[in-house]
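The structure appears below as structure tokens.
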């Protein structure tokens with residue numbers, strides 16, 4: 001099972017909260033198939049260097065994987081996943097900007113498909129209840 | 001400038017941002033007290049000092065940074081605010097309340113009856129703890145804390161609960177306490193025990209109970225929502241408990257000294273019984 005999240009390391013609210021909750025849930029969970037892989041894609045390509053991604057993710061869980069790419073490759077990947085593109089606001093103003101990015105976490109179940117996404121606001125208890133079900137390929141049809 | 005604290009979802013900042021409502025409340029209470037004290041010039045200085053400290057603590061609990069942190073980031077700070085308001089600020093304010101307040105409460109028949117009802121120990125225990133437990137429940141806290149009006153209602157509920165708890169023990173002069181000596185001690189012991197299950201539940205909960213605090217931007221990186229919740233429960237149990245038990249100890253000593261004095265007076269030989 002793998003979890004995919006597009007965020008950025010300078011994010012003041014959504015990314016650290018999402019990753020923190022996920023990390024706390026992983027501390028409690030014991031899944032038969034082992035820990036799910038977590039890939040965090042740094043969409044702020046100017047600041048999210050591989051080194052910065054690594055040290056940022058180490059603050060949550062050393063096993064979380066950091067990925068980055070060119071802006072066009074990231075937008076193409078987001079497009080394929082039916083997710084909105086990254087927005088830099090305001091553009092071209094040094095490092096003083098915020099980044100608009102999808103706030104949901106995509107879960108790829110053992111069949112390699114994403115049947116469910118988790119929006120910002122998903123709580124630790126929901127993760128701990130849902131991940132074992134997802135591992136067994138059970139997901140709610142209405143999400 | 002916001003008028004009252006609430007959960008904003010914004011990243012925590014150490015930039016000073018006072019709350020208009022907290023300062024208005026502080027100034028209203030402060031000016032009212034000053035005016036009332038002018039009418040009762042022989043009101044003891046220690047009581048005035050107590051009211052000033054109570055007022056300052058109330059402002060600390062309702063203004064930045066404690067109110068901001070408590071309403072939107074850390075449940076431990078929210079619990080500390082509750083302890084400050086209910087167990088410290090309100091008893092100090094009541095001890096230092098100008099006599100005009102006591103006279104006003106005792107004046108009208110309806111007011112007197114309402115006051116007599118609310119100071120009945122059983123009523124006070126039930127009503128105050130119902131308010132405190134409700135404000136500590138995730139159902140109410142998560143809903144109220146997200147708006148300034150909701151957060152204001154929560155803080156006012158604490159103030160009301162504080163008054164209800166302390167009225168039977170130290171009403172404003174010239175009213176006399178309904179409970180003294182062992183009765184006051186038993187009342188305080190009951191008040192210290194009833195909220196414990198809530199704090200116990202907070203301590204041992206597997207998950208963060210309050211969504212507002214779980215989903216808030218983190219203030220300290222290595223301090224997660226469950227640790228914050230456990231610290232909150234500890235503050236409520238240990239600090240709140242210590243304050244109540246200090247009161248119990250003080251009242252016990254006071255009662256013991258009074259008893260000893262009255263016993264001595266009783267056994268003191270009177271002039272006519274002294275043998276020649």
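Including glycine, each Cβ sits where the backbone N, Cα and C put it.
Those TrEMBL annotations? Automatic predictions, nothing curated.
What TrEMBL lists as transmembrane segment is B:20-37 (among others).
Panel annotation: around the transmembrane segment (B:49-67), residues 4-5, 14, 16-19, 21-23, 25-26, 29-30, 33, 77, 80-81, 84-85, 88-93, 95-98, 155, 159 of the same chain, lying at least six beyond its termini, place a Cβ under 8 Å from a Cβ of the stretch. Marked as transmembrane segment by TrEMBL: B:49-67 (among others).
Within the chain carrying the transmembrane segment (B:79-101), a Cβ under 8 angstroms from the stretch's Cβ atoms is held by residues 29, 33, 36-37, 39-40, 43, 47-55, 57-58, 60-62, 66-67, 70, 132, 135-136, 155, 158-159, 161-163, 165-167, 169-174, 232-233, 235-236, 239-240, 243-244, 247, all 6 or more beyond its ends. The transmembrane segment annotation in TrEMBL covers B:79-101 (among others).
Annotation source TrEMBL lists transmembrane segment at B:122-141 (among others). Through the fold, the transmembrane segment (B:122-141) approaches residues 78, 82, 86, 154, 157-158, 160-162, 164-165, 167-168, 187, 190-191, 194-195, 198, 202, 209-212 of its own chain, all at least 6 residues removed from its boundaries and within a Cβ separation under 8 Å.
Positions annotated as transmembrane segment by TrEMBL: B:147-167 (among others). Using a Cβ-Cβ cut-off under 8 Å and counting only residues 6 or more beyond its ends in the same chain, the transmembrane segment (B:147-167) has close neighbours at 2-7, 21, 58, 61-62, 67, 71, 81-82, 85-87, 89-91, 94, 115, 118-119, 124, 127-129, 131-132, 134-135, 140-141, 191.
Residues annotated as transmembrane segment in TrEMBL: B:179-205 (among others).
According to TrEMBL, the feature transmembrane segment maps to B:231-253 (among others).
Below 8 angstroms of C-beta separation, residues 75, 121, 124-125, 128-129, 132-133, 136-137, 165, 168-169, 226, 229-230, 232-234, 236-237, 240-241, 244-245, 247-248, 251-252, 255, 258 of the same chain, each at least six residues beyond the ends of the transmembrane segment (B:179-205), sit close to that stretch.
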